[in-house]
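According to Swiss-Prot, the protein carries these features:
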BINDING   V116, N118, E122, E203  Ca(2+) 1 binding site
BINDING   E168, N170, E174, N190, D191  Ca(2+) 2 binding site
BINDING   E168, P169, N170, E174, W182, N190, D191  alpha-D-mannopyranose binding site
DISULFID  C64-C78  disulfide bond
DISULFID  C79-C90  disulfide bond
DISULFID  C176-C194  disulfide bond
DOMAIN    86-203  domain 'C-type lectin'
CARBOHYD  N131  N-linked glycosylation site
TOPO_DOM  1-20  topological domain 'Cytoplasmic'
TOPO_DOM  44-209  topological domain 'Extracellular'
TRANSMEM  21-43  transmembrane segment
Amino acid sequence: MVQERHPQRKGVCWTLRLWSTAVISMLLLSTCFIASCMVTYQFTMEKPNRRLSELHTYHSSLTCCSKGTMVSEKLWGCCPNHWKSFGSSCYLISTKENFWSISEQNYIHMGAHLVVINTETEQNYIIHQLNESLSYFLGLSDPQGNSKWQWIDNTPYPNNIKFWHPHEPNLPEEWCASIVYWNPSKWGWNDVFCDSKHNSICETKKIYL
């Protein structure tokens with residue numbers, strides 16, 4: 001009878017070891033999963049939080065608008081207070097005239113840049129915010145004066161949409177672009193001297209929360 005008990009003990013001990021190993025494995029997997037989620041969450045939130053911190057450095061308050069209908073679907077897009085919100089960007093229309101380079105430097109210090117127009121819809125939105133008696137610098141220039149225009153954010157110019165007035169750009173000495181209202185063609189782009197003073201349009205990306 002004693003000899004018959006040994007196989008049973010071996011079987012029980014093996015079963016317990018297997019169960020213990022399974023429990024330990026599950027705990028390790030759970031720990032790894034939680035750690036992975038924490039890393040993913042931190043990675044996902046780090047960039048928006050950094051961007052939010054940057055905006056707060058330049059602006060005392062933000063205006064956020066929600067998207068989605070259910071609480072779980074809501075996504076908040078934030079712009080500096082008093083800026084115009086459209087698509088994934090925020091816009092500020094300047095009330096002061098300045099040189100192209102100074103306007104761009106001022107906007108860089110605000111965490112933004114002169115506007116880059118990528119679509120007709122964006123252009124149409126912007127022109128509804130403008131004064132027809134004024135001219136506004138864009139983030140578009142020809143730094144070498146060799147007809148190689150480039151956007152301030154390195155958006156490829158040749159493949160991008162263009163809204164030049166007829167016969168513009170027309171002078172190699174005019175290295176900067178503005179948007180201006182002319183009859184009968186209405187709003188369009190014009191090349192101007194960079195050291196002439198114009199109003200300007202500022203753009204920055206929304207921060208999503």
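Cβ atoms are placed via backbone N, Cα and C, with glycine included.
Sequence features, as recorded in Swiss-Prot, placed on the structure.
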residue : record                             : Cβ contacts under 8 Å, 6 or more apart
C79     : disulfide bond                     : L62, T63, C64, S85, C90, T204, K206
N118    : Ca(2+) 1 binding site              : T155, N160, I161
E122    : Ca(2+) 1 binding site              : F86, G87, S89
N131    : N-linked glycosylation site        : N199
E168    : Ca(2+) 2 binding site              : G188, W189, N190, D191
P169    : alpha-D-mannopyranose binding site : D142, S147, W149, A177, W189, N190, D191
C176    : disulfide bond                     : W100, F137, L140, S141, D142, D191, V192, F193, C194
W182    : alpha-D-mannopyranose binding site : H165, G188, N190
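Taking CA atoms as the reference points, E174 (Ca(2+) 2 binding site) and V116 (Ca(2+) 1 binding site) are 19 Å apart. Sequence-distant neighbours of V116 (Ca(2+) 1 binding site) (same chain, six or more apart, CB under 8 Å from its CB) are L138, G139, L140, W151, I152, D153, T155, E203, listed in sequence order. Separating the Cα atoms of C78 (disulfide bond) and N170 (Ca(2+) 2 binding site) is a whole-number distance of 39 Å. Annotation note: E122 (Ca(2+) 1 binding site) sits in a helical segment as assigned by DSSP.
The disulfide-bonded residues considered are C64, C90, C194; of these, C64 has the fewest other C-beta atoms within 10 angstroms of its C-beta. Pairwise Cα distances among E168, P169, N170, E174, W182, N190, D191, which the record gives as the binders of alpha-D-mannopyranose, peak at 18 Å. Of all the binding-site residues listed (E174, D191, E203), E174 has the fewest other CB atoms within 10 A of its CB. Applying an 8 A CB threshold to same-chain residues 6+ apart, the list for N170 (Ca(2+) 2 binding site) reads D191.
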